[in-house]
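Feature annotation from TrEMBL assigns compositional bias 'Polar residues' to 51-64. Residues annotated as compositional bias 'Basic and acidic residues' in TrEMBL: 107-120. Residues or ranges marked as region 'Disordered' by TrEMBL: 48-120. According to TrEMBL, the feature transmembrane segment maps to 14-31.
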Amino acid sequence: MSQNRKFQFKGKQILLLGLVALVITAGYYRWTVESDKFNSVPVTGDALPANANQGENSENQASEASAKPQEGAEGQSSNIAKLKQERDSARSEMAGQWKETMQNKDASAEAKTDAEEKLKAADEYTEKEKAIETLVKTKGFSDCFARVDENGVSVVVSGGEVNGAKVAQVKDIVVEQTGAAVKNIKVSAE
């Protein structure tokens with residue numbers, strides 16, 4: 001007889017089942033948020049790594065690696081301006097070398113093609129960097145420096161609160177603009 005009878009939930013059982021489902025859902029949500037924290041890039045006061053662009057000469061790499069954040073808003077802007085100037089001058093120097101190779105009559109066709117591809121890539125990187133810097137500033141930061149290369153993207157921000165949510169917003173912008181993998185994106189505060 002008891003086999004034919006369907007199981008019916010009573011009021012207390014429904015309430016208990018709902019609470020168990022709520023606890024499981026809350027635990028899952030907390031677990032996903034915690035795992036995202038561990039996977040995110042830590043926000044530090046460091047500038048870019050010394051090997052951010054392989055095309056730079058060692059003098060520019062050393063000056064970038066030793067760049068330290070300065071106190072006050074004026075110092076922050078000048079530090080980011082310095083990083084931008086170093087990036088642009090290094091890229092201009094490399095572009096000049098690539099153009100020379102392309103115009104050199106003695107250079108092989110392969111070397112000319114390689115130089116042309118590198119020049120196009122540098123132009124694309126520059127466009128992406130400008131777009132990232134502009135979009136990051138709209139998220140509440142006073143200034144931003146972005147460096148894009150074949151190894152990934154480095155972003156330095158200043159003049160705003162840097163927390164997990166802001167880092168996630170910056171990473172979303174970078175992924176949208178470059179298609180870079182999140183693990184290859186470095187975000188730091190000045």
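Backbone N, Cα and C atoms are what each Cβ position is placed from, and that goes for glycine too.
All annotation found in TrEMBL is predicted automatically rather than curated by experts.
Tertiary proximity for the compositional bias 'Basic and acidic residues' (107-120) is limited to same-chain residues at least six positions away from its ends with a CB under 8 Å from its CB atoms, namely 94-95, 97-99, 101. Across the range of the compositional bias 'Basic and acidic residues' (107-120), the DSSP-based residue counts are 12 helix, 0 strand, 2 coil.
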